[in-house]
Structure formats: structure tokens, C-alpha cells
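A quick write-up on the structure given underneath.
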Amino acid sequence: MSQWRGRLEENPELESAADWVTANYHIPVVALLLAFMLWNRLRSVSNFVVDGEVLFHGNDAWYHYRSVSYTVRNWPATMPFDPWTYFPYGNASGQFGTLFDQIIATAALVVGLGSPSDQTVAMTVLVAPAFFAAAAGIPTYVIGRRLGGRLGGITAVTVLAFSVGSFFNRSRVGFADHHVAEALFQTLGILAVMVAITAAHREKPIYEQVVERDFDTLRPTLLWSALAGFAITLYLWVWPFGVLLIGIVGVFLLVQMCLEVLRGESPEHTAFAGAVMLAVTGVTILPSTQTATLTATDHSILHPLLAFAVAGGCVFMAWLAREWEDRDLDRTLYPVSVGGIVGGLVLLTWLVLPGVFDYFVNQLLRIFGLGFTTSEAGGTVGEVQPLVNWERQGLGYGIQQLFDAYGFALFLGFLGGLVVLARHVWDDHIPAEQLLVVVWLALMTATTFTQARFQYYLVFPVAVLTGYAVSIVVGWIDLELDGDVTNIEAYQALTIVAILLVILVPIAPTAVAAGSPDQGFNHPDGDIRAWSEGLGWMEENTPEEGAFNGSDSNLDYYGTYSKTDDYDYARGEYGVLSWWDYGHWITTIGERIPNANPFQQGATTAANFLVAPNETQANDVLDEMDEDDAKTRYVVIDYKMVDTYSNYRGKFFAPTQFYDEGDVTLSDYTQRIYYNLQNGAYFRLQSQEFYNTTAVRLYQHHGSAVEPEPYVIDWSPTQVQNGATVNAVPPQEPNSSTIRQFDSMADARAYVANDSTAQIGGIGGKPSQRVEAMEHYRLVGASERSATTSNNYNRGLLSTALALFGNQGAVTEVQNRADCNSDVALPQGDGSYACLSQGAADFLQPTEPRWTKVFERVPGATIEGTGPADTTVRGQVEMQMPGSDETFTYHQVAETDENGEFTMTVPYSTTGYDEWGPDEGHTNVSVRANSSYQFQTATQADNGTVYSWSGTTDVTEGQVIGKDDSVSTVDMERSELFNPNEQGNESDGSENVTAGNETDGSDGDSTTDTTGDETTESGTDGNTTGSLVAVPRD
């Protein structure tokens, strides 16, 4: 190093360059790190533009796009109320249409030269998260530098740039949610408070200066404190729940002022800054107040009240400290007294304002409850799930999750925090701002364990305290990087390199890989692509809002509406029911009004409909909610809503948590049956209650009646190594299967009647009992994309197939997907595919598994018919799925009375489709009939003559939608199938039929049973054990 220094002294130009590097080396380094952050998050931008359409990731990004689009049209105003969501009430959300959306809208206006196209707006929203993330690196550097010099700042930005936790995931291109802006503005707020507190401790303002109006002396503290207060307000404008920052600052001020009194110092300087900054926050946030209700999810009276309360608390503590000093009281009793006063106020609130007390307790547990208080319904919401499920996991699991995100920076950051605390104990001259960062770290750790998503906050205190820890280590080796860099010794340079390697090695490769365009999560997921197709169909083939049934109201999509609790929808405006996850997509892609949305509004109503056990209850749910002139007209269901494999992203479990029409749990609908205890492999067995739910009846069977089939699953309680008892089936022998097939339903029922751990059906679309047909709901459209394009869907099918026929070739390995004879193929790690045979796929899938299916609620058409008295009549019609050769059969069963008359109400038409469409205020039905309705009785026998009754009729589209109140009629005629008295007839296999016996009404298929529980001709005494079913093949 001495030779190098000598050369510098001999060369003025080199020495000048070295001086520049010494003074400015942090600028290019930080710039490169910020550029890396931006590049790594934008690398996949092209993946999110599909066929010219911009697709966002997740749900909330779509509603932010709507909010930004409104502000672009009405800059700088934000949407005060939105009737295009939460039908039939409308909604005003305080977390959308915020400063986050205004910033993006402003950027779109600049890029679009004042008049951006929708595509420009969408692209601006798409890339905005990456720019917010890069901007967050600037206050991170400044905080890191304040704590640990320039190296501390660089280290902090390095940790931020290469961390791969929630902050990275929520700041990637496409994830245009407000989370990344929350993190940026919270960090700015913390930085501003640090500056204000430091200014106060430098200028030492006291009460007498205020009385004397010595503003020249007070000006620096007033200025910085006011800016800090406004910075907190900016954070609240981004996210109303940002009262969290007021809490962080309040806890810091409480602790810091108590410490100052214990040290014999005056807390007035800290109190002055705290009072000014929180008073400014209260004043500046007050005009944004939209409700007098205490709520943190909207700009309410809570925000200024809490700010003023903390400001008042600062003044009170400063006064109390003076009293303490004047009375020469024991300083150690000061924090005890303050704690007692706070406790007394809490007790008084509990006694006088129990509702207010409960509210604050619930909010504290919601944010700082460490995951112990997460409700069952809340646990279905991905954003509020805790970091650790304490029932199944321990603290080590949470630490591992954080280590995966931050690497050794996690430990260095907490080490830096411990050093700060230790120095506050040993040294009276530690900057107060350091304690603020430690409080920030502690509270953000608690929030992260409570809701895992809050990792996007935790990374910032971890990063800056890692910078602080590194600066301490550098201090130990007597290295001063803020001085002359030419004085660095070799061992010092090696130490710095070693520290950086410790920080970077565990996370840098992962960070680079995480940003790769080839990563699955750097694409719009299959959900949005499929829903985009389904909702695109809806937009084109259903009437516009306000035009249903020929009405002509005009609900302006970007109109400005006054806030109300219950919007009065006009005639012709209608709702679309689906699970709340999909509400924003229905609003922005389909341009229709969802009943439920990701604000969890309408979630209970949606659950009550989807889980309703019969059509009457489902109708009542909608009728109780709908207005007289504006009703829910469509229902959209995807495969996930009826998929019980939650580990494969199935969502059936979620509505059961919100359902309040009865006391139900997920176990009422499905249970795990283990088929390989060694590796914990199981399949899901469904109960009859599952098949009775409205969602399953619609998605799996399109509203058709379903008959049970004589397949039985038999299991037994089995104790495992940890002592727990689980339900399991015996290990499969070669060429065996888990499922048993019987000759008739009577045999199957007799078997399960004698075995409490056996069940008919419960797999695929096979119920245990008959499921009645729906009369007022019909399939009208669907996405082109099949659920089989989802690996998660295929995993569920393959798991079930392996359990049922794993040793019979239902699942095979193929080298190319094209070699699989079904659509169900799952890529394996070695490049091969697990393939489900076509027969097994047909067995497990009752209808074509389109990803999304659109159903319409209709009055239904009435069919009146005549036939034999007191007989079961089956009516059916074959329907054609759009865009494929796939068909399904809708059928319904009715009983004739003593006069031979029967009535059916059917939701599907067979003719007249072209007479009604969106121009007439109705649906352009894409699912159309291939034939007339066919009516048939079961075959009967009389003195050896075998016969049945049959007939046909058509139903017009006008009849189904209520525009034609005429009744379709059918007069069934008797047809002889076999007459022993006629010469030349040959037996059709029914020669054993005796007078009065009836078959199961399934056209010769002895596996169904439409006539009740009576024994068929193949019935036994119930002692049969059935046969092991062969795997369905092609």
C-alpha cells in the first residue's frame, strides 16, 4: 500500500482521482445497486403482455388499475365511490384511490403527454412497483449512513437489493399493489422522524423558548419536526392503516423520554419534536377524514385523534418530568408512574367505552398478535396468514423463512439492534434515533409473525441495522472508509470482502434467479388468463350494465358518484356472483358488478350461496340481497371453488369458513383418506353434503340431476407413529384398487350399512345419494382454457387416481406430453411426465373441466306432460359445449300423479337462440342444445310384455328467460320393447324380468338407481363384498 500511496503523491492527476473516489465512491455504488433492483424487477415485463393485453399479478393490482384510470380522467381527484363493485351496495375503499394511485396516474399523464391511452395507463401501472422499490433504496441508504456511515448505507442498500422475501415479491413487475409504496413511505417517515429527533437534541428546545417566542432558535426543530409530521401524513395517504407508524413513533417517544428522565436528562427536547410532528400529522390528515367511525381501513376520525393523543402525551410527559424534578422525586419511579397512568387510562376506557376498548384490543391483536389470534375466516385470506402456524410449526420454521429471505443479514441486523440496546444501557450519549430504529425492528418483527406479508416492512430495519453492525466490525479493524481510501491495508480490504460475501452468498444467487423471466411467478398466473377468457366472453355475450331485459339506464364505468352506504341501482343493472377473490377481475375485465370482492365485502353472501345445500336456499340468498329492479343475474365458478385439495390451491375450504346459514366445518364436506402412510400420501373423499352444495352442482354437473353409482370406498382408523389416529385404506396389492364396484346400488347400500367406515361414491362427480336437478340456473359460457392446463389441478387428479387405482396403470410415465392420451399430465423433475389414462380422467371428471364456467339465473320454462300414473319420468337434453366436441346431458326427474300428469321447470332451451341476445337485453347463449327434450320412463313388464313410455318436446329461449309464458307440453306414448306373444321376437336380455319389477331407469345401465332403494333384479341378501373395480381405460 505504501508504494501505491507514493505513486499518488508523485502523480497529481491520480491523487485528484483518488480524492474524488474517496469523496464520492458511494454514489456509483448505490446507483448500481438501485439499477440492479430496477432491472431485476423489470426483466419479465414482456411476460405480462399477452396478445397485446396487459395482465397484472394477483387481485388488487386490477383495482388499482381502475383507480389510476379514474384519476387519469379526473386528475388529481380520486374515485369517491364505486357502484361497480359489491352489488347491490357499492363501495368506497380508503385503501384505493390513494397517493399511490395519484403518483402512478401522474406518471401516466406525463408519459402519455397529457392524454394517455388505456394501454399506456396499464403499462405504467404494470412497471410502477419496480420504480417504487428502487426509490425505496434512497431513504434506506440515508438511514444506513446515519447509523453506520457510508459503508453502513451501502450495506443497507445491498441487503435491500438482494433480499428475496415479501418485499421483492410485492415489488416485481405486475404486482401493482400498494404494499411497495407503503414500504417506501413508511421508511421515509422513519427517516424524517430520525432527522427531527436529532435536530431537537442538537437545538435543545424548551418550553420557555416557546413562551418567549424565540422562533429563531426554535426554527430548525420546528421545520424538521413539521416535515416529519407531514411525512407521516404522506404514509397515511398511501395506506390508511398507516396509523401503525403513529404507534411506532408513539412507543419510541414513550421509551425514549422515560430513558432520558432515568439518566437525569430533560425529555423536553424529544417531547417538543414529538408534539410538533404529531400535531402536524393530525392537522394535515384531518381534511382527509371521511367518517366519524373508528376505523383504520379508511380515513376516519381515528387518524387525527390518535396523532393528537400522542402529541398531547408528549406534552404531558414533559410537564410530568418537570414536576418530578421540582419535587426532587426518585427518577426510577417516573416510568412506573407513566406506566400506571397509561394503565389507568386503559382501564377507564374499558369501563366507560367498552366498544372503543374492544376495537383497539382487536386491532392490536390483528397486527401484533404473532399469529395466535388469526380467525378461521381470516386464515383463508392469503394476505393475513401468519408467518408460523403454531399448531403445526415452531419458531424455527419462522426463522428459516426469514433466513431464506435475508440470509445472514437477518442475524447481523438483530445483532446491530442488540448492540444499540446495550449501548443505551452503558452510554448516555447514544443518538436517540438509533433507539427509534430498534423499536421499528421489534414492532415490524411482531407484525411479520402476525401477518407474513409484512416482511415487506421488516426488510428495511433489518437492512439498515445490518449496515450498522458492519460499521461496528469495520470500526474494530480500525478502518475509516469516510477518510482516505488509499490508507486501506490489505487485511482491512479482505475483512470487508469477507463481510460482503457472508451477506451476499446465501441470497444473491437466489435474487438473480428470482428475477428470471423463466420463473413461473414472473408470469401472469393461469387464473387470470382463464378468467380473462371467461370474463371476456361475458363482456361480449351478456347485456351491458343497465341494459338487462331491454332497460336503458346508463351506469358510467368511470363516472363520479357520491358516497353512500347503499347505492340505488337502476332497472337493468345487475350483479355477478362469484367468490370474493375474483371480484376485481369481474369489475375491470368483465366490466360487470360483482357481489363480493377482495375487500371481503359480500364474502358471507357469496359463501351462503355457494355452499347452499339446495336450490331454494340458494335462491333465498339472492332474493334477500337483491333489489326489486336490480338483481343478481349471473354466477361465475372456477374449478378451484369446488376443489378440496387446498394444498394444491383448491378454494372449496374458504366459503365453508364464511358460511353462516348453519354450523358447518370443512370436515362436513371432505376428509383425508391416507393410502400411503409412510410418505403421508392421501386423497380427498367427499361427503354427500359436498355434492349437495350449489357450487358443486353447477360446476361439476351444470345443474343436472346426478344419480349415485355402486362404487364404495372402504377405510379404517389407523394409528400412526406419533400416536394419532388417521383414516387409511390398506396398502394396494398388485393389480388391485382402493375402490370396490358392486352390481347394483342395493348391494352397495347393503355393504355400507354394515360398515361405518365405508361410503358410496365420494370421488370425482359420484355422490352417495341422488342430487336433484336445478331448475333456474344454466351454463351459458365458459373459458376456452381447461383446468387441466393447471399443474395444481392435475396434481389433485393424479393423487386421487394413484390412491384409487395406483397399481393398475391409471398413472404412467411418458417422456413427452404428447404421448399422454389424456389432457392430465404433470411434468416431473427428470423431464418426464406423469400421465393419467383417458379412462381414469373420464371416471374422475363428470364434465369437461373448463377453468371458468358462467351460469345464468333464469325463470325457467314449464313443461307439462302426461304418461302412466304414479311413475318416474326422466327428461333430458344433450347440450353442446362451446368451442369443442364435448357434450353433457341435463336431466331431471319427476313423478306422475294418479292421473299420469307431471310438471318440470327446466333452465335450458332447445330453440330460439338467435331471437334473444345482448342487443335485446339478454344472453347470447353459447351452450346450446343438440336435440329436443327426451322423456322416458323406466322399462316395465306386464304379462311378459316389456314396454316403456317416451316423448319429446322443445323449449324456446323466450320461455326460459320469461319472455314467453307459454307451456311446453309432451304426451308420452307407450312403446313395446318385447312381446312374447309375437312370433320372431328374440330376447333382449330381459327375459328374467317379472311382472311389476322396474329397472333403475338408466337405459340399461345397472349402475344407477332412480326409483329409490328397492332391490333390482340382481339384488342379493346384502352379504356381498363386491369386486375391486378395474381401472377405467380408453
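Using N, Cα and C of the backbone, Cβ positions are placed for all residues, glycine too.
Features as listed in TrEMBL:
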{"type": "COMPBIAS", "residues": "978-995", "note": "compositional bias 'Polar residues'"}
{"type": "COMPBIAS", "residues": "996-1010", "note": "compositional bias 'Low complexity'"}
{"type": "COMPBIAS", "residues": "1017-1027", "note": "compositional bias 'Low complexity'"}
{"type": "DOMAIN", "residues": "49-471", "note": "domain 'Oligosaccharyl transferase STT3 N-terminal'"}
{"type": "DOMAIN", "residues": "530-641", "note": "domain 'AglB-like core'"}
{"type": "DOMAIN", "residues": "860-946", "note": "domain 'Archaeal glycosylation protein B peripheral'"}
{"type": "REGION", "residues": "977-1034", "note": "region 'Disordered'"}
{"type": "TRANSMEM", "residues": "20-39", "note": "transmembrane segment"}
{"type": "TRANSMEM", "residues": "121-144", "note": "transmembrane segment"}
{"type": "TRANSMEM", "residues": "151-168", "note": "transmembrane segment"}
{"type": "TRANSMEM", "residues": "180-200", "note": "transmembrane segment"}
{"type": "TRANSMEM", "residues": "221-238", "note": "transmembrane segment"}
{"type": "TRANSMEM", "residues": "269-289", "note": "transmembrane segment"}
{"type": "TRANSMEM", "residues": "301-321", "note": "transmembrane segment"}
{"type": "TRANSMEM", "residues": "333-353", "note": "transmembrane segment"}
{"type": "TRANSMEM", "residues": "405-422", "note": "transmembrane segment"}
{"type": "TRANSMEM", "residues": "434-452", "note": "transmembrane segment"}
{"type": "TRANSMEM", "residues": "458-479", "note": "transmembrane segment"}
{"type": "TRANSMEM", "residues": "491-514", "note": "transmembrane segment"}
Confidence summary (mean pLDDT) of the domain 'Archaeal glycosylation protein B peripheral' (860-946): 92
Intrachain neighbours beyond the transmembrane segment (458-479), with Cβ under 8 angstroms and 6 or more residues off its ends: 136, 140, 143-145, 147-149, 151-157, 159-160, 163, 165-167, 183, 186-187, 190, 402, 405-406, 409-410, 412-417, 419-420, 434, 437-438, 440-441, 444-445, 447-448, 488, 491-492, 495-496, 499, 503
Contact set, same chain, for the transmembrane segment (221-238): CB under 8 Å, 6 or more residues outside the stretch: 98-100, 178, 181-182, 185-186, 188-189, 191-193, 195-196, 199-200, 203, 205, 215, 245-246, 249, 269, 272-274, 276-281, 284-285, 288, 299, 303, 307
Paired segments the transmembrane segment (151-168) and the transmembrane segment (301-321) in contact, 3+ CB pairs under 8 A: no
Chain residues outside the transmembrane segment (180-200) and at least six past its termini with a C-beta under 8 angstroms from it: 99-100, 103, 129, 132-133, 135-136, 139-140, 142-143, 146, 167, 170-171, 220-221, 223-225, 227-228, 230-232, 234-235, 238-239, 242, 244-245, 248-249, 252, 256, 269-270, 272-273, 276-277, 431-433, 436-437, 440, 456-457, 459-460
Positions whose Cβ lies under 8 angstroms from the transmembrane segment (434-452), at least six residues beyond its ends: 143, 147, 166, 190, 193-194, 197, 244, 247-249, 251-252, 255-256, 259, 366-371, 374, 383-388, 398, 401-402, 413-414, 417, 420-421, 423-424, 458, 460-462, 464-465, 468
Counts of helix, strand and coil residues, the domain 'Archaeal glycosylation protein B peripheral' (860-946), according to DSSP: 6 helix, 43 strand, 38 coil
Recorded stretches the transmembrane segment (301-321) and the transmembrane segment (269-289) touching, at least 3 CB pairs under 8 Å: yes
Same-chain residues at least 6 beyond the ends of the transmembrane segment (405-422) whose Cβ lies under 8 Å from its Cβ atoms: 147, 159, 163-166, 399, 430, 434-435, 437-438, 441-442, 455, 459, 461-470, 472, 502-507
Composition by DSSP (helix, strand, coil) of residues within the domain 'AglB-like core' (530-641): 46 helix, 12 strand, 54 coil
